[in-house]
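Feature annotations, reproduced from TrEMBL:
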{"type": "SIGNAL", "residues": "1-18", "note": "signal peptide"}
{"type": "DOMAIN", "residues": "97-254", "note": "domain 'GAIN-B'"}
{"type": "TRANSMEM", "residues": "263-286", "note": "transmembrane segment"}
{"type": "DOMAIN", "residues": "263-522", "note": "domain 'G-protein coupled receptors family 2 profile 2'"}
{"type": "TRANSMEM", "residues": "298-319", "note": "transmembrane segment"}
{"type": "TRANSMEM", "residues": "331-357", "note": "transmembrane segment"}
{"type": "TRANSMEM", "residues": "369-391", "note": "transmembrane segment"}
{"type": "TRANSMEM", "residues": "425-450", "note": "transmembrane segment"}
{"type": "TRANSMEM", "residues": "471-494", "note": "transmembrane segment"}
{"type": "TRANSMEM", "residues": "500-519", "note": "transmembrane segment"}
């Protein structure tokens, strides 16, 4: 009896092993069937399918799409019911990889990475599942749960958009019992690319079944949040299980490629002239210390911020090149941002000072006025930039500016890199928002000052020559300094090309315009001193 019992046990073991191999082989054969279908239709593009549909082949296209859905549903069913020994099983064909995991109600989370898998493509991917994944399924009596992960390294089975998928990867996951959704702790899906994704708009999406009339589903961003921890990585945080991918679209390129050379030339020449002009202004001011009242010192602080801005801007493209270390580019980007914020702040200070001169003619003495203005003009921008560096220094670094190709077909692009702000939220708030508020404030001051001067002139409270001089001062300080920066908000539609050239020309020559205004003010001041000396000499002669 012992021999017969042993023989019976061996027979049962061999039978169970045969069944295990058979069920896993069925799943592998199903994957190979999908592989053959994808390979045989590799030359048939989505555009061809749409063209056939327009020509009356709707039934044929619909049949193929239904076949895709049924094959994927069949693979999911095979994997969920596969028998295998151990806690997991991996099956793979050249473009499809399937993983099956046996889970219990004591599930503590799971992390998967392509780095630990065999025969995977060179580009990496990873998935991380939270412990909350099995909570709803385990509310019933304890049982074995199955988690299946299906990785498609082709987008053939999920084509419904003209946008390309990052790496053509589709990473899917499904729990054997119940639909997993509305997780409080998200599922993390990471996609890496072998090149920088700057210049592209990337969006994490999932395959929403039955949401399209012409396909068995469509890509939807619902329930997924997109993050970019690095230029070559996309992190998707989704609150449900499904098939996931990253839609990749070329970002709208505001600068046509053929305009890069003239715009660069204008910037280099204009900024170089401004650097020279700002240096001359500061040197002339240092030479004539007797004219160093608080108003002139405010102007010199503005000149200093413009000088720093132009120098940092001229160095920015050179330090964004690959041989230069990332730390140097990050430091220069922070300096450039600080210089821009300081320049904008000193513009606003010029407007505020002009309001005091015209609105509060008497009793405008403020104790340590210049020191307080310097604390605002230099201190506030410094605190903002240091705060950003302390919180997340990756907001600064090489920033790629996408340029459309010269053929204008939208299929290719080139990048021009500068050391600048990389975070879109920081750019929108602390560049565009900050500059918008400054320009708006200076415009309001300009309109108010012109009205005050016009009223004074009409009432003949001041001589006409003095009124004209005040008008020139307003235009010099507010129009030339503040208003031209408002051109940054007209970079759309028919205004795009004129705005590019006007903004580049006026603001690259910004320091030069300040120098002209400084020279005119100095000449006028010297003329007034000369006239006063002549008047004093005549009075002495008459006596």
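Think of each number as a place in line: the chain as shown, counted from 1.
Here the Cβ of each residue, glycine as well, is placed from N, Cα and C on the backbone.
Note: the stretches the transmembrane segment (500-519) and the transmembrane segment (298-319) are in contact (3+ CB pairs below 8 A, sequence gap of 6 or more). Proximity of the transmembrane segment (298-319) to the transmembrane segment (425-450) is not established, fewer than 3 Cβ-Cβ distances being under 8 Å for residue pairs spaced 6 or more apart.
Remote same-chain residues near the transmembrane segment (263-286) are listed as 255, 292, 296, 299-300, 303-304, 306-307, 310-311, 313-314, 500-501, 504-505, 507-512, 514-515, 518, 522 (criterion: CB distance under 8 Å, separation of at least six residues from the stretch ends). Per-residue confidence over the domain 'G-protein coupled receptors family 2 profile 2' (263-522) averages out at a pLDDT of 80.
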